[in-house]
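Chemist: Supplied in structure tokens, the structure appears directly below.
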Amino acid sequence: MSGAGANYWIARLLAVIAGLLGALLAMATPFLPVNQNTAQLNWPQNSTFESVEAPLIGYVATGLNVTVPCAAAAGLTGPQSAGQTVLLSTVPKQAPKAVDRGLLIQRANDDLVLVVRNVPVVSAPMSQVLSPACQRLTFAAYFDKITAEFVGLTYGPNAEHPGVPLRGERSGYDFRPQIVGVFTDLSGPIPTGLNFSATIDTRYSSSPTLLKTIAMILGVVLTIVALVALHLLDTADGTQHRRLLPSRWWSIGCLDGLVITILAWWHFVGANTSDDGYILTMARVSEHAGYMANYYRWFGTPEAPFGWYYDLLALWAHVTTTSAWMRVPTLAMALTCWWLISREVIPRLGHAAKASRAAAWTAAGMFLAVWLPLDNGLRPEPIIALGILLTWCSVERAVATSRLLPVAVACIVGALTLFSGPTGIASIGALLVAVGPLLTILQRRSKQFGAVPLVAPILAASTVTAILIFRDQTFAGESQASLLKRAVGPSLKWFDEHIRYERLFMASPDGSVARRFAVLALLVALSVAVAMSLRKGRIPGLAAGPSRRIIGITVTSFLAMMFTPTKWTHHFGVFAGLAGSLGALAAVAVASAALRSRRNRTVFAAVVLFVVALSFASVNGWWYVSNFGVPWSNSFPKLRWSLTTALLELTVIVLLLAAWFHFVATTNGSAKTRFGVRIDRIVQSPIAIATWSLVIFEVASLTMAMIGQYPAWTVGKSNLQALTGQTCGLAEEVLVEQDPNAGMLLPVSTPVADALGSSLAEAFTANGIPADVSADPVMEPPGDRSFVKENGMTTGGEAGNEGGTNATPGINGSRAQLPYNLDPARTPVLGSWQSGIQVVARLRSGWYRLPARDKAGPLLVVSAAGRFDHHEVKLQWATDSGAASGQPGGAFQFSDVGASPAWRNLRLPLSAIPSMATQIRLVADDEDLAPQHWIALTPPRIPQLRTLQDVVGYQDPVFLDWLVGLAFPCQRPFDHQYGVDETPKWRILPDRFGAEANSPVMDNNGGGPLGVTELLLKATTVASYLKDDWSRDWGALQRLTPYYPNAQPARLSLGTTTRSGLWNPAPLRH
């Protein structure tokens, strides 16, 4: 150690002690004890046979003990007990798959049977159960085994072990039953000894103990002290303090203004990402829950170690949950990224980049081309993109100044970025690529102070993030959660990375024009930068170190992305900041100073054109509501050639021009005129032209959608309206028909029961409807199979519309079960379905009276089922005289919104019908003799409509599917606390494609809320429509009705206890 080092002995001592202690406390944080909130579900409550609801978010209890006196089974016998079969169950007996997933103690014929997850554990004849010998039935369930016994009874003489106590046991599998409450068919006072006690898994409902709090505070303070000491050691080099921010940091140029304008406008009209509703709902519910649970999957386990960013969003949501407000941090990150690119990255790349306008414009175009389609939401990609840039800037400052405090800052930022989300793994590259220069600095400085005083603060900085991650959780809990997520999935391997690129080349929002171009342009810029660096050792005019590190970070980030457990294209959003930096590198690389050959520049232009052509071989599609009204969202228009073909042909022409330059015009003539100079400069920046063209295309597309759809709802309109105080989004535009019977039109001269087929009804009959009309899947041909899961439960928005039969015939003798709560006693129905020989069917209804237009709603609706073409069902209108003479004035086709053959509502705006019309009738022709082709109709009606906001309101607990959360900011997601979910009253689903794709994510296999609600509640679709966009499939509203309507929320026995960081009550069942 030198003499100068001896003068800093206090700083050295502080750096060593504070750094090592800070790191030790940070690493000890996961293992320190926490205060756990405990909860016990005990039943009976109120001393009566009263069913209670207690849907466990983790599905099962850590331990369950049940004791039932044998005398209690007497309530299941006798003529007065008809229909009463369940003595006790943890799931309603009416629920699909109740026997497969729950515990039921029930009467089966003349036996009392205890069944757990479809496995009979023990049973006894009712005669023996009610005999004096039988004392009680006991049951215990733990993760390793379940046991049940009829105390007092023994196996009979014909059994394998006669005289042995009548008991059963199952092990070798986690048989713990799912619990959504305690239900019984019995009533009245309870017998003595009846007891149900479940220990609810609340391992994640915890808070730090005083010891852990003190340790965390000391860990943070000591880390700060260590960093101050490291700064003092850095100052020993004798150099003066350098500005933290460049001198022109706050100045705004024309390009800055343009980028700010685009980002600000896109903030309002731009498309969002698919997971925004997922993340927003988690954030909204976390405060009441006490931790950031993964609300839609994985049995309520916490998001940690990736949840700290979502905690910030939870705080942000205290002001308002509107989209425009919740994404303000994202906008701030976008602006910060651009400021770093333009003021830190480009100047550090060297004089050629700093002096080149093409470099700045290309950097801006590349940055926007990636940011706009991938980062305009609540996902963590924006903060990861920013974190990567900040880490690189800190590393570059360390290399430039030969100081180590920036290294420590880079470690903190890198760790925060790493734990912002699974894709934060890309931040590792920012540190790895600079290991060589940083080790050189450390080696040089250690000669002066020794290695330990320099390394200890960096170690503390690298580990301090553990305090944030494990502040209220334990090592055991997080380890169990990570193992469960890996087991449940999705958990793809590194060699499955090809799936991400396969999705990128699908004609879907995942592989849309914008996303595909963003990634391909990034790869082109990276390829050019790598090629030039390999060919000449460096890109001429650029600083070798910083430019190589930018390239290295990008390459390592692509490699690191291989290890993320999911493979979605929105993960490419982490490259937004790097894309801008690479854009600057590529612009300099292809400039005339670096790439003098016109042939080579022309070939590069052809490559860029090919990338554009490949990008447009897709759709201009966006996720869910962001796609409303967007032009070419399904396909691009074709004139003589498709746009992709035209771009490909242009690519060939440019390649032929390059061949001309190679074989004929081999000299590089210089431009002689000012116009020629400008043309030459433009040709030298093809990637800038392409990126800015795509940016303009994207912004114009979403702006056109907002203007073209007006006054109908769009994302842009909703965000702009939020500035005026209209903050409820789509809930104010979805119109709900609560009572479809109230809007039914009356026939002019025929009884209601006969009017539907009074003019003509050939092969249309009251029972011409199959019993099952479940919808076909979106992705399968019509009629291939019904859109139901293997367990028989629908997953889309048509719950309650899949048909069935009634025991009592309706007004016209039909036994068909009608949708949307249509009353069969008031609503006739006719259908053309028939088994056996098929014949042509025709229907002409009687005339129905139209009400006065000023007293009618905006829409005319007919509930229909079947598979048919639009032209096969029509509405004819007439005046009174025209109807009397049988001369209709004209006809209209309906908009058929929904999935066939399920019941859905055919729609026709009332404004389309001439004002002179006073009567209407239905006309249907089924001339297709295919057995799966049929039509069923109910009478026309004009719905009485209220907004979804008025119907659902602010307070009712709602099951918001994860795609819809951002579009419905005023609806309250159902809460969970102490391991128990609140029972929702409504469910809001996305459009049919989204419902089919995403409902499986939330089902019982993944540990989501759908696996709870389908056992506890019956879903019925409520008719709804999107205002002024009547033919739009916006989604669906479902009313959730408990199978046991009188069941009340259970009262839990709460407590608090202290748990070690290694405590584990039981494995998480999955």
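Cβ from N, Cα, C; glycine included.
Keep in mind the model is a prediction, meaning the values are calculated, not measured.
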Chemist: Scan 313-330, 547-564, 763-780, 907-924 against Swiss-Prot and say which stretch is down as transmembrane segment.
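Modeler: Residues 547-564 are the ones Swiss-Prot records as transmembrane segment.
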Chemist: Do the transmembrane segment (547-564) and the transmembrane segment (425-442) come together with 3 or more C-beta pairs under 8 Å, pairs six or more apart in sequence?
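Modeler: Judged by the Cβ rule, the two regions touch, with the required three close pairs present.
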Chemist: What residues in the same chain, six or more past the boundaries of the transmembrane segment (449-471), come closer than 8 Å to it by Cβ-Cβ distance?
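Modeler: Result: 1, 5, 8, 11-13, 15-16, 18-20, 22-23, 25-27, 29-30, 208, 216, 219-220, 222-223, 226-227, 229-230, 233, 236, 304-305, 307-308, 404, 407-409, 411-412, 415-416, 418-419, 442, 478.
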Chemist: Taking the transmembrane segment (210-232) as the first stretch and the transmembrane segment (399-421) as the second, find out whether 3 or more Cβ pairs fall under 8 Å, excluding pairs closer than 6 in sequence.
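Modeler: Yes, these stretches are in contact.
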Chemist: Looking at 10-32, 399-421, 603-625, 685-707, which one has the highest count of Cβ pairs under 8 angstroms to the transmembrane segment (247-269)?
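Modeler: Counting Cβ pairs under 8 Å, the winner is 685-707.
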Chemist: Checking distant contacts: for the transmembrane segment (425-442), what same-chain residues at least six beyond its ends satisfy Cβ-Cβ under 8 A?
Modeler: 384, 387-388, 391-392, 395-396, 398-399, 402-404, 407, 410-411, 414, 417-418, 451, 454-455, 545, 548-549, 552-557, 559-561, 563-564, 574-575
Chemist: Counting Cβ pairs under 8 Å to the transmembrane segment (685-707), which of 10-32, 512-534, 603-625, 645-664 comes out on top?
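Modeler: If we count Cβ pairs closer than 8 Å to the transmembrane segment (685-707), 603-625 scores highest.
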Chemist: Checking distant contacts: for the transmembrane segment (10-32), what same-chain residues at least six beyond its ends satisfy Cβ-Cβ under 8 A?
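Modeler: 208-209, 211-212, 215-216, 218-223, 225-226, 228-230, 232-233, 449-450, 452-460, 462-467, 470-471, 473-475, 478, 1060-1062.
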